[in-house]
Amino acid sequence: MKTMSSEIIPIFFIIFSLFQLSLVLCSDYSDKVCLANSKDFDFFYFVQQWPGAYCNTRHSRCCYPSTGKPAPDFGIHGLWPNYKTGTYPSNCDPHRPFRPSEISEDLKSRMERDWPTLACPSSDGTKFWAHEWSKHGTCSGSNFDELKYFETALNLKKQFNLLQILENAGIKPNGKLYSLSSIKEAIREATGFTPGIQCNMDGSSSQHQLYQVYMCVDSNTGSHFIECPLLPNGSCSSKVEFPSF
């Protein structure tokens, strides 16, 4: 008659052997996603920034990319894994650096248009994209390699035209003041989801201005907008400026 302990011991060795095998596979393929077999975050923040607000503040310098001045449109800042607690993972895998060779010319053209850098000194955006990939993209779980991470963010931007949504509601980038509630409502009405709004300060008048818009995205495919489990503290007044660009 078998005892319970005699049945448990073989099972233990099987599990331990599988664990050792997984370590070997990960060490042999360090450029693959071996950190986890499933996602370990709750949702994505998809963040877009208004270039007029980035350039019109006393706290940062603004340099147009080497490809020229971006179009007056919201540009992608990033696609950021987050926890419902308000914290987030970052820099999850140093063995997966940004590889420009993975980006096709067509995809690079889309990134230059929809994900432009405004940091100084002027550059082609590679440093900005490398930062976003290293800090956030490597934490996106086993479903996202470098190529899919950037394609996913670009495809999210295509789903909703933020500038058109706001202009349709009479909210235009003309330096005038608009109520924060009207900005949120215009986006919620058009998308079906409540956005998070982040403001910064106008460099000349110290007026709060519309800087970034946060939308939440599912953590499985990164392709579906969802109601935000948690909205960021946007530091906005009740009326905000929408600066020109």
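Placed from the backbone N, Cα and C atoms, the Cβ positions cover glycine too.
TrEMBL: automatically predicted annotations, no manual curation.
What you see is a predicted model, and the numbers here were worked out from it, not measured in a lab.
As given in TrEMBL:
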type     : residues : note
SIGNAL   : 1-26     : signal peptide
ACT_SITE : His77    : active site
ACT_SITE : Glu132   : active site
ACT_SITE : His136   : active site
For the active-site residues listed here (His77, His136), which one has the lowest count of neighbouring CB atoms within 10 Å of its own CB?
-> His77
Whole-number Å value for how far His77 (active site) lies from Glu132 (active site) (Cα to Cα) = 8
Including all protein chains displayed, how many Cβ atoms other than that of Glu132 (active site) lie within 10 Å of its Cβ?
-> 21
Rounded Cα-Cα span from His77 (active site) to His136 (active site), Å = 11
